[in-house]
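Got a structure here, written out as structure tokens. Questions coming.
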Ligand SMILES: Nc1ncnc2c1ncn2[C@@H]1O[C@H](COP(=O)(O)OP(=O)(O)OP(=O)(O)O)[C@@H](O)[C@H]1O
């Protein structure tokens, strides 16, 4: 498909929900174009009546006979009519300008929302498989460029109609002269299309990729700044950025230089036609050109008006082509056939969440990438309601993957996770997730007050927030900050320590009073005392809560009702701490390893 038909198809897709709005806009554009052309045609009688030449366009004569009293001087009548039409045009021009902006902002707004909605509705797997910089570019740079493309398309409609009406006037004034001009025009457009559009498109694609690369490098640089500083690799990142920017410079130069060619060419063509037309008029009339001045002047004026509007239309088209790669990227996101993937990821989502007895893992297997070793291999276990269970195992054993499945970030490849016998894939995801409190290793805080970071959109009282903060052992440090709960934490919480961030994240989840609390290394950044305080809170809460703890430090999980031990994706042992120690297997090996490294506290050893 050609770049132009591609653009038209995408625009049809984007504009189709706004048919009435577009129809109104087009009506006002057509009215404006008609009046504009009528205004120019009035120059014809004005010149002729002025020069006393009896050579009027017949249509205008008929119009005057119908409209004006015969006693009126036709020269004055034409001039007056010109004034009236000019006033009308000023009014309609305002309507068209506002209408165009309104159409543009409406379609742009809908695009912005649709892209966000589409990205938001993708399964977690989609985000995990994409570079963050690419995702940022789609939602920001690509949407911005697509908005520009929409603007160009709206302008193209206006300039296109205007050009069409000018062309009709030219045909009315002189059919053959217009044919000659058109042949020149078509020949020129053909060369421009062949040589320019494909080049603009090619270079714009390069520009797009370069912009994306630059955005990825910059984003990686900012998010990894600490590691970059301490590894002394600033120069390496400078080189990476430099190479991305170099490509961008070349692409920008090409795209902008190519964009200027039509303007120069149009200017050249227009004035050449006027000069040549004047010479031809003189030659063909043998010097007696006065009777033809009216028609020639009007023709040239119409041509003079046609060329800028044609040139603007062409520039709109050229810019549309320039933005097409971004538009295609965004369009691809909007029409991506993800229904199948989403329904398999999200299941039928029909049943309400209800949890009275147990959560079951029934022969659950999972892999992140097809063909690779299974990350979880036929896992079967049960978690009774309001019990406290722990999942342990060496690094890479699959503990977080179990949490990921429970948090619906991924779905099992085979087997099922059931709540009271109902598969998770049949339960309404949002309903289920509203009862699950998941605290992972990465804690997200955003630029707002501590209070809002804990509230996180939840409808609750000040007391609820404070109580949650106390349970998360965060209240004390919050009160020690300058503005307490009103303290604004910097972007990504840079003003907080890792442990403080973790405690805010824990308070946020406790506030939601989930039925199932899933802690995946949630206290890993905390000192032993803080960890112990939070675990005591969790113990208090767990009277009405099912708690699943994933932790490296085995001292954290010794009081769990049941401990599941994973090894290489398989469930190898299960039981209480004492039962597992007696087994003298994987759990004991991990435990003794930690005791040697000093990770298991003396108090917990003594308990044994
Ligand atoms: N998004 C992913 N894509 C591909 N492989 C992954 C992904 N996440 C984890 N894995 C792999 O799956 C295996 C299990 O990872 P998982 O994070 O569940 O282990 P873990 O027991 O929680 O480890 P740790 O204690 O180190 O956090 C590892 O081999 C890991 O490399």
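First residue shown is number 1, and so on along the chain.
Cβ from N, Cα, C; glycine included.
In case it helps, TrEMBL gives these features for our protein:
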TRANSMEM  21-47  transmembrane segment
DOMAIN    23-315  domain 'ABC transmembrane type-1'
TRANSMEM  75-104  transmembrane segment
TRANSMEM  164-191  transmembrane segment
TRANSMEM  258-283  transmembrane segment
TRANSMEM  289-307  transmembrane segment
DOMAIN    359-593  domain 'ABC transporter'
Are there residues at least six beyond either end of the transmembrane segment (21-47) with Cβ under 8 Å to its Cβ atoms? List them, or say none.
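The answer is 15, 53, 56-57, 60, 64, 74-75, 78-79, 81-82, 85-86, 88-89, 92-93, 95-96, 99-100, 102-103, 106, 154, 157-158, 161-162, 164-166, 168-169, 172-173, 293-295, 297-298, 301-302, 305.
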Using a Cβ cut-off under 8 Å, which residues of the same chain at least 6 positions beyond either end of the transmembrane segment (75-104) come close to it?
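Hits for the transmembrane segment (75-104): 18, 21-22, 24-25, 28-29, 31-32, 35-36, 38-39, 42-43, 45-46, 49-50, 64, 68, 147, 150-151, 154-155, 158.
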Grab the same-chain neighbours of the transmembrane segment (164-191) for me: Cβ-Cβ under 8 Å, and only residues 6 or more beyond its ends, written as numbers and ranges.
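Answer is 33-34, 36-37, 40-41, 44, 57, 59, 265, 269, 273, 277, 295, 298-299, 302-303, 305-306, 309-310, 314.
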Find the average pLDDT over the domain 'ABC transporter' (359-593) in the predicted model and report it.
86
